[in-house]
Amino acid sequence: MGILRVDELRKSYGAVRAVDGMSFDVERGELFGFLGPNGAGKTTTIRSLTGQIVPDGGTISVLGTDPTTAPLETRRRVGILPEQASPPSFLTPREYLEFVGDVRELDEAAVTAGIEHWAERLGFASKLETLHTDLSRGQQQKVMIAQAFIHEPDVVLIDEPLANLDPLVQEQVKQFLTAYAADDNAIFVSTHNIDVAADICTRVGIVADGRIVTERSLVDETGDSLLETFLEHVDDANARDMPALERTEIEA
Amino acid sequence: MSGEQTGQDEPQTGQLERVTDIGGGIDSGGVDSGRVGGIGNGTNRLLFTTLLREEWRLHTRLFGGWRFASFPLLIVLLAAAATVALLETGTAPSTIVLGLHALALGFGLYSGTAGFAGSNMLENVFGRLSLVLSSASTLPLSRRRLLGMFLVKDALFYAVVFVLPMATAAIPIGGLSATTPTELVAFWLSLSLVFAAGMTATVALIAVRTRGVPTWTIALALVSAAAGTWALDGPAAIESVRTLVVPLSGSLSAAGGLAIGTVLVAAASLALYDPTYGRPTRTASDRFSQLRAAGDRLPFADDPLVVKTLLDLSRSAGGVWKPFVSAGILLALVAALVGVVREITGIEPAPGIFFGGVLGLAAFTTYNWLTQFDSLEFYLTYPVAIDDVFRAKRAAFVLVGTPAVAVPYLAAVIRFDATLVDAAVGAILLAGYGLYYYGLTVSIAGFDPNEFLFDSVRFGTFTVGVAVAIVPTLVAGFVVVPPTPALAAALAVAGIGFGALGIVLSGRAGPKWAERYRDE
């Protein structure tokens, strides 16, 4: 049984079924890609997994906790990087990470060391005393990545991990995520970026219309590219609001 | 783009690409398409109607169609009911007219900030938004031009949605007759003019700020203006304020002068406004850990949520003084009103009871400042209970709100020579009603007190909740001067009772809003 387990998850917003029978497992050591087009139900699933919203049905287990009934316990044990989240405008990165350590009840010395470590690793050491409102989106994203990992959680849930990062930092973050998952942790990455998923994930679940339409391991696999698999399963009647695709032969 | 157009050298087969011709494509000329020599009046009209439509949809989307659509009707009812009640209790019509103009002026001063607030603040207030106002970054439209249109749209929109319903108070004041429509229109124009002047004043201050004038200079000017109003005494000074704030009571030329002055200042402000203005990068020493380390000495500092709230407040524009300025403006408006009432009727209220009851309303603006740069969604990714977030806001409210209202209250009771009993009862009312208004705000609006505006259900509930406490108190404050021991005791009990109710209301807000957010 996975340390992150979802079974028949359902959530509607009025008449719109955002998540409709979602089921999957994630094991330790995996970097699981949750790959789907916009509006497929990815963010709603993450919000359900972290107890931010109450699903209409189905069961969820995250490290043995139920985020629906015990959201604080789940959030205490995982790291979360929401989509397009910004750190508080009027705190500095140092103060924000201290705040995060505080609400997570971490040891003060460990937090101090963690701040230096993450600032160095992600390249915002020179910005530790600058208010977030005066940092670029990329710098803010680095701080958000640091806050998700500062307590070294066993499970991290990330929505679009590489947004706004420059290519060099993207590469560093990719390497870090791969290594972190391999160290007996699990990372759940929600993305619509096929290249990112192909680069870093050990397994992907392709999402369309609120459910997983197929899963595929990316470890030592050959055959169709992930793009082919994605289009095969998404570019049909299951996908809503997707522009049509055509296969084109390009000649010299 | 087709495969043949990619210009690739090697033959490729099976490559997939998206057909991106959606709805016939986008006019490459954008809003300026087909116009020679820049942006013309047609674009102005298009921009104006687009902004107007956006404003309407923003409000109907936020509050639900009928809750917003019925808001003007609610204002009509409130304006009419309050006017009738005030007339019945012997208030002079000219006092009511002045009060309504003061309200329009205050609302105008507040509305002037909207176009300049910036997307971050608007997101905090309204959620994730993308406004037409931001299209200066993607379209060949200058930000100055967009702001100008935005402010004109705001002035007209609110003049109809908010000021026109207020103007119906003219009906109970003048009585129904053949001239009622004319009186109504004149009253509306008078209120709209003051509203526009208020908006323009704020816009001018912001424009000046973008030219590098230090905030403290602007604050000093504001405080001086408030102090000037405060120090007004004597019929001549009062009359000059009335002429300025109530165009209806002055000559046509005075009103015309105010109108022309408003237009000129607005135009000059837009010309002065520097759209490229940006603050220099700001750094800060580690206040968070310093405050947390002082947790054994400072009662609030043992809670990281309180410390974060205080840092948000102190580092956002205007700093920790914002609640003080809001309370100071309220004090100046009420003091001017008291002065006018005294000049007109010869009646002066018991200052402790009167100012204690009214200044408690600053609880709303203080709470607004404490949540302005924060959102409940932020906390949902941490092991933090929503209940604890609301508890922290209440602690911060007490810390910041107490001095913010205590200072103006003390100034008022000294300036108006309150008796000891009156001042003591007023202090109890101030504390109790402040807590009550706070609890009412949190209970009705949760983390978004700004959403009161234009939601007829919430606004109506809040208004009734406030009226239940404040109306009998103000009547007592005017009728029994100085207060008798029995009245003083009754009001003190009321203050304590409402304070307790406020604590209960704010205590229940956490679970209530936590459930609402998670069950969305």
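Including glycine, each Cβ sits where the backbone N, Cα and C put it.
Summarising the annotation, TrEMBL assigns transmembrane segment to B:66-87 (among others).
Sequence annotations record features per position, and here TrEMBL assigns transmembrane segment to B:94-113 (among others).
Residues or ranges marked as transmembrane segment in TrEMBL: B:155-173 (among others). Below 8 angstroms of C-beta separation, residues 52, 55, 71-76, 79-80, 82-84, 87, 93, 96-97, 100, 103-104, 107, 111, 180, 183-184, 186-188, 191-192, 195-196, 199, 454 of the same chain, each at least six residues beyond the ends of the transmembrane segment (B:155-173), sit close to that stretch.
As annotated by TrEMBL, transmembrane segment applies to B:185-208 (among others).
Residues or ranges marked as transmembrane segment by TrEMBL: B:215-232 (among others).
As annotated by TrEMBL, transmembrane segment applies to B:252-273 (among others).
Annotation source TrEMBL lists transmembrane segment at B:320-341 (among others).
The annotation transmembrane segment is assigned in TrEMBL to B:353-370 (among others).
The transmembrane segment annotation in TrEMBL covers B:395-414 (among others).
Feature annotation from TrEMBL assigns transmembrane segment to B:420-438 (among others).
What TrEMBL lists as transmembrane segment is B:459-480 (among others).
Away from its own ends, the transmembrane segment (B:486-506) comes close to residues 353, 356, 390, 394, 421-422, 424-425, 428-440, 442-443, 469, 472-473, 476, 480 of its chain (Cβ-Cβ under 8 Å, at least six residues beyond either end). Marked as transmembrane segment by TrEMBL: B:486-506 (among others).
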Whether the transmembrane segment (B:320-341) meets the transmembrane segment (B:420-438): three or more C-beta pairs under 8 angstroms: no
Surrounding residues of the transmembrane segment (B:94-113) on its own chain - C-beta under 8 Å, 6+ positions past either end: 79, 83, 86-87, 151, 154, 158, 162-163, 166, 169, 173, 187, 190-192, 194-203, 206, 242, 245-246, 248-249, 329, 333, 336-337, 340-341, 344-345
Touch test for the transmembrane segment (B:420-438) and the transmembrane segment (B:353-370), at least 3 Cβ pairs under 8 Å: yes
Tertiary contacts of the transmembrane segment (B:185-208) (same chain, 6+ residues out, Cβ under 8 Å): 97, 100-101, 104-113, 115-116, 151, 154-155, 158-159, 162-164, 166-167, 169-170, 218, 222, 245-248, 255, 258-259, 261-262, 265-266, 268-270, 272-274
Outside the transmembrane segment (B:353-370), six or more residues from its ends: residues with CB under 8 Å to it: 309, 312-313, 322-323, 326-327, 330-331, 334, 338, 393, 396-397, 400-401, 404-405, 408-409, 412-413, 416, 422, 425-430, 432-438, 441-442, 449-450, 466, 469-470, 473-474, 476-478, 483, 491, 495
